[in-house]
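Now, the feature entries from TrEMBL:
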- 1-530: domain 'Myosin motor' (DOMAIN)
- 2, 3, 4, 5, 6, 7, 8, 9: ATP binding site (BINDING)
- 464-486: region 'Actin-binding' (REGION)
């Protein structure tokens, strides 16, 4: 764990190499485990203002051992930041793979995928890079191609995958305009070429997004155009996230080869999850990320302070209790039922008339006087939460829509009628997965229909619940990554930046408990034998 940009992903790679070197195991499997990283980083990482190679998803790597050698591995991914596909803030970029494609594809390949100059695409904000950066991306693209070959992706699958990514970019340039004859909305004439490049049949998309019901509160044409744009973005996010999920499934097939299901294997798991974030503008995604970090901090406190000191008291040892910064009140603020922030968000998301403003009003009245919640000042639509790592101000615009994770109900028809075989396969494969059925029965998330759209309430919370259950069932070791400075500069140690992290992470109290307590504990049998 650690702040965004503190070195968690790099530490994970070093830790994997270290374990593989120690166990002198299956050298081919070792190479495969280490070689899938370029693939995961290309599709799951992006540049943010805090980190040029920021993980925008959480990953849990399970290494399965038999007689001290690694026999297989499994990768689980959590909370991919899908919204990045369609929107990035100033100084940030989309997922790396889009830029790698522009730099690495030949002119003929770009023509085949219908890719034009990168400055034309709204989803990458028209930003590219210098010649030097483009050369670096070209090298990275080759690494991705090598990793795809190594993992076992067929040539046609790779072509289809890149066709989907190119289609996602083209889809982002589709715009909408009013239909003069009847006041409805249609795909604009100027963007029909983009629709064709997206490998989507014009009539299918037109039927799909242009019949999205308008809000009963303000049924204006501009409102309908906005809803159509939301539907378009939803399709792009779903297409990208399913490609990512498919890549992870293929990696797991590769890493689980030749495993005897009858043999019981021991396990080491490594969790590498996005770090605490506090940007100039913090949105729904930052709340999800910071909630995950709050839960990990609570997990750390539980093991390092609560269980440790309880063991000393149980043994009857003379012990002066060490106090620590307990973040349980913050978790209650966020997760309590029925009046926690996320419960209120779900409640508001279920009402068609609810808006981001009604949600914020509800928070302000529910958490009045709470030390960890602060209403926004003036006319700002937002609120602040005093997290364990400091105060973060959240902009509430888009909270309800993102929590609803809306998908037009007839999107299946769009995917099934695609001219790209892989997109059909991805949709059918996703529908056959049992996760949705489990969630319907109430495991931390819920499904509902709203205005003819399928809505999946707070999938973030369900994903985190599954992850924390896995964490609490294990015997944990903590690797704390400390960010040396806020300027992304090598070899520069900013004392104040480091001290702040040592304090809010509870590391000063950890040092006390390690110094005053009993850091080495042999079993009685080990002690007697010695």
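Backbone N, Cα and C atoms are what each Cβ position is placed from, and that goes for glycine too.
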Around the ATP site recorded as 2, 3, 4, 5, 6, 7, 8, 9, what other same-chain residues have a C-beta within 8 angstroms of the site's C-beta center? 51, 275, 481, 483
Measure the Cβ-based neighbour count of residue 4 (ATP binding site), defined as the other Cβ atoms within 10 Å of its Cβ. 21
Between 5, 7, which of the binding-site residues has the fewest other CB atoms within 10 angstroms in the structure shown? 7
Secondary structure tally of the region 'Actin-binding' (464-486) (DSSP, helix then strand then coil): 9 helix, 0 strand, 14 coil
Find the average pLDDT over the domain 'Myosin motor' (1-530) in the predicted model and report it. 84
When you measure from the Cβ of residue 8 (ATP binding site), how many other Cβ atoms are you left with inside 10 Å? 22
Using a 10 Å cut-off, grab the number of neighbouring Cβ atoms around the Cβ of residue 2 (ATP binding site), all chains included. 18
Neighbour tally for residue 3 (ATP binding site), based on other Cβ positions within 10 Å of its Cβ: 24
